[in-house]
Amino acid sequence: MSMREGSAAAGTPISSVNHGQPDPAGRTSVHSFALTILGAGSATPTLGRHPTAQLLTVGNEYMLIDCGEGTQFRLIEQKIRPSRLRYIFISHLHGDHYFGLPPLLSTLNLSGRTEDLYLFGPRGLDEVLTTMFRVSDSRLGYPLHFQPVDPIQPSMLLDHPHLTVESIPLEHRIDCTGYLFQEKPHKLRLLRERLPDDVPVPYLKKLKEGFDILDETGQVLYAAAEFTEAGPPARSYAYCSDTRYNELLIPQLQGVDLLYHEATFLEDNAQRATEVFHSTAQQAATIAAKAGAGRLMIGHFSSRYKRFDSFLLEARAVFPETYLAAEGETLEINKWAH
Ligand SMILES: [Zn+2]
Ligand SMILES: [Zn+2]
């Protein structure tokens, strides 16, 4: 097996749904930033529910967040080719968050992958994988770059052309980190209707970067302020998997557009939640409210619950914009009113 440790390199910019292409109005449209829920259950196997896994698509970039048992089958169900994955983020080493990873890595090998794969997760994950591949005499045909995540301090993990990814230290029974995905600011939008047709393309590029175009004598030919408007706002997603209620998270989550926060229990089990390092729906909502999040998605419900209406009721009493993580659904992350 070839497994390398170190910082993940910035990815190649990849075009996406109209990314960078002028729309009919002559403006620049923006790529998609969407979350697909592959699994939203917790540790005990439950028919019809699957352990945690999520797919974040940013333009054509596919990022997997946690990889519970059977995740590769969830990807097939969603008609997502696993070969499209380039980044995988694992929150912690409880099995319901990573037991799907070794088979997924093996499948990528079987399918002849040669492209780099970047894996972020707690120290120890590398040992698990190395042992599994060693005892099965497997050799990966693709470079797997592992970056251990500091469970104590938030740190910048990835600087990608579309976004940055930071770790969010959580409070769980073992080392556990969430992840904050923040889009980079979008370029300015050109107001093409105000510009003559014959403006050279390099000028247009400079205007979109906010530069004025000057003539040889230093006179302003085209002022960026006159021919551009602000681009679409950058969006953000925070993933907080298993954790106790912890207000230390709030500064890092401030103003996030979509917050996923676990809600393993209802409020009548608040005591138990604290004992086993999990949260209640009301606690998740309190974090969302205090952080000024745009929306909250809750999941990781204990298998003791058969229905989830009460989770919504309890959470919405504190934070009305709360939704259940629904397996198989895709949500386009927007700049919702905060
Ligand atoms: Zn869990
Ligand atoms: Zn856990």
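Cβ atoms are placed via backbone N, Cα and C, with glycine included.
TrEMBL labels come from automatic prediction, so no person has curated them.
Remember, it's a predicted structure, so these values are computed and weren't measured experimentally.
Under the heading region 'Disordered', TrEMBL lists 1-26.
Annotation for D242 (Zn(2+) 1 binding site): same-chain Cβ neighbours under 8 Å, separated by at least 6 residues, are S91, H92, H94, H97, L170, H172, C176, E262, T264, F277, H278, H300. Residues annotated as Zn(2+) 1 binding site in TrEMBL: H92, H94, H172, D242.
Neighbour list (D96 (active site, proton acceptor), Cβ cut-off 8 Å, at least 6 residues apart, same chain): G41, S42, A43, P51, T52, G68, E69. Taken from TrEMBL, the feature active site, proton acceptor applies to D96.
Annotated Zn(2+) 2 binding site per TrEMBL: D96, H97, D242, H300, in sequence order. According to DSSP, D242 (Zn(2+) 1 binding site) sits in a coil region rather than a helix or strand.
Checking the binding-site residues H94, D242, H300 against ligand 2, the ones with a C-beta less than 6 Å from an atom of that molecule are H94, D242. In the structure shown, across all protein chains, H97 is the one of the binding-site residues H97, H172 with the greatest number of other Cβ atoms within 10 Å.
Within 10 Å of the C-beta of H94 (Zn(2+) 1 binding site) there are 20 other C-beta atoms, taking all protein chains into account.
Taking all protein chains in view, 28 other C-beta atoms sit within 10 angstroms of the C-beta of H300 (Zn(2+) 2 binding site). Under the three-state DSSP scheme, H300 (Zn(2+) 2 binding site) falls in the coil class.
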